[in-house]
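Below: one structure, written as structure tokens.
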Amino acid sequence: MLPDKDGPGAGGGRSSAGGEDPSVSLFRDYLRLRTVHPQPDYDAALRFLDRIAEELELPMKKIEVCPGRVVSIMTWEGTNPTLKSILLNSHTDVVPVFQEHWKYDAFSAFRDAEGNIYARGSQDMKCVTIQYIQAVRRLKAEGRKPMRTVHLMFVPDEEVGGNKGMETFVKHPEFKKLNIGFALDEGLANPGEAFTVFYGERNPWWITVHCPGSPGHGSRFVENTAAEKMRQVINSFLDFREKEKHRLNTSECFTLGDVTTVNMTMVKGGVAYNVIPAEMDVSFDLRIPPTVNLQEFEGQIKQWCKEAGEDVTYKFAQKHMNQNITSTEENDPWWSSFSAACKTLNMTLEKEIFPAATDSRFIRAVGIPAIGFSPMNRTPILLHDHNEYLNEQVFLKGISVYERLIPALASVPAFPDEDMTAVIAHGAIRETTKSRTHILPPRGGRNR
């Protein structure tokens, strides 16, 4: 049962009859939805979000960007909707679990005696989704109205690369209509007192190196084998890995997002014990910070392949080239507003490059500043890990954080290039309580 939007526990400030905060109950309900790959139940998430939109009296738009992959958007219209809007982005999918390694059912949202809520998605990132929702619920209950329009966006398939989610949607006409000026997306927990804020991301490169060679019988010293070439390739990549690891470990200024990580993830080749293979493949996962010249780095990879031997080639399964970062200078209006709101809550911020990849990279790639932020301090980083959990008090504090951040960002004064000619009635919000706009192609459908 969802919390009553007008009831005594609305917004997560008080306990329900069962002794649990209504916001925590809503969080646990969402965690129980099995939006887990490889077959995420996106229909369940859409039904859940429909109910939330009705409670918040916000219109909801649905755009099927690929068959079975729907982006949902709730819109809280601002008093001056001609201004650039604020995007609160979250993804609905979660990664698979190995249940045998969990203390509790990964989709039971079990809460222990310390208030730790165990579930896949508790940190990544269903917590942030509900924090957005409950912060907006509180603000609306107080009669607050944003100057800039606020969009709450819920996207699929972030955990599998975003190709059928945000990567496609940023090219869609409906995305452009949102008129986004600034975006918030997911971050990471911080085990210490501070809160980590991410202003950029490393580019993921997934590369496979193909090593052809001379075949033969396993009893002979055959020259120019695929394995010899592959050994040279592996040595080149892993020697570079050691150099980057050393840089990270010997500099107090570096975090993981400041160096290039290299990991060998797959090896393929051979047909029998006594047959020297004619070809072998080795694959690597590289994460490259925005400070690296990507053209020069690819040139280095070409050189490694050349040094390994004749006809050694490579191909990319994924190659992201966007190196946009979001300003964290104090004279930047968005960052100034974000950091000032955090200071009022006595929050210490640590600015970093995100070490992995989120949907923020697609948002930044189209020129929109985005901050990755999940308000979880005093919390071990457990995304994608066994026994992922979040403490309920940390979760509830996060709602209060967004209660400050959302109105602060929505109140950033108009920029010189923004259209200020429209006459908007003070506090006007159109009556769209029952509105549900569905932009779905005639064929295809939601994932069943």
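Glycine is treated like the rest: Cβ placed from N, Cα and C.
Please treat TrEMBL annotations as automatic predictions, because they have not gone through curation.
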Zn(2+) 2 binding in TrEMBL involves D124, E159; of H384, H386, the partner in that site is H384
Among E20, E174, E186, E193, TrEMBL assigns to the Zn(2+) 1 site of H91, D124 just E186
Other than D124, E159, H384, the chain contributes near Zn(2+) 2 (Cβ within 8 Å of their centroid) the residues V94, V95, G121, M125, L383
In the three-state DSSP scheme, H91 (Zn(2+) 1 binding site) belongs to strand
Expressed in Å to no decimal places, the gap between the Cα atoms of D124 (Zn(2+) 1 binding site) and H384 (Zn(2+) 2 binding site) is 8
Integer Å value for the Cα distance linking E159 (Zn(2+) 2 binding site) with E186 (Zn(2+) 1 binding site) is 12
